[in-house]
Amino acid sequence: MKQLLDFLPLVIFFAVYKFFDIYIASGALIAATALQLVISYLLYKKLEKMHLITFVMVTVFGSLTLILHDDSFIKWKVTIVYALFAIALGVSQIMNKPLLKSMLGKELIVEDKIWARVTWYWVSFFVVCGLVNIYVAFSLSQETWVNFKVFGLTALTLINTVLTVVYLFKNMSEEDRKELK
């Protein structure tokens, strides 16, 4: 249920874009992200930091898109969010408080050097995705960018997540692997 809720704003953005335009879709994205927060709070009695950050970013960049009638703001939002993720992960690793380890380290027990590799891998991933987003957003058609944002970046993130879990699992001790099964 939680994962479906995470995709709600993206699905609504895409559907509204296909029937209307980028501006109505941007407004729908703001509303859907707010709805996501409300549903998340009602179901889980708490709000995740990532959802709050996403809501603020969507609201700011979506509103600028609507007010100035300029789709470049909603396009930049993707790159800025990825840049923030990369910075947060990189800084947390440099300060020896890796975010990924703090989120997953209780279930997936591996050496700190493995967490460092995974963290820098994700930093690189977010930087590359942010740069590719800039290229697609400003060099190709708006429709191509929307499809890339919805399907391309989502697929890349899911593939990256699977690869990360496989890598972490491979680097776990045999005993810890058995405990997960």
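Any Cβ shown, glycine's included, is placed from N, Cα and C.
The following features are taken from Swiss-Prot:
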- 10-30: transmembrane segment (TRANSMEM)
- 50-70: transmembrane segment (TRANSMEM)
- 72-92: transmembrane segment (TRANSMEM)
- 118-138: transmembrane segment (TRANSMEM)
- 148-168: transmembrane segment (TRANSMEM)
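Within its own chain, the transmembrane segment (72-92) is flanked in space by residues 22, 26, 29, 53-54, 57-58, 60-62, 64-65, 98-100, 102, 119-120, 122-123, 126-127, 129-131, 133-134, 137-138, 145, 149, 153, which lie at least six positions past its ends and keep a Cβ under 8 Å from the stretch. Under 8 Å from some Cβ of the transmembrane segment (10-30) lie the Cβ atoms of residues 58-59, 62-63, 65-66, 69, 71, 74, 142, 146, 150, 154, all in the same chain and six or more residues away from its ends.
Listed by sequence, the residues of this chain that lie at least six past the ends of the transmembrane segment (50-70) yet keep a Cβ under 8 A from its Cβ atoms are 9, 22-23, 26-27, 29-30, 33-34, 36-37, 40, 76-77, 80-81, 84.
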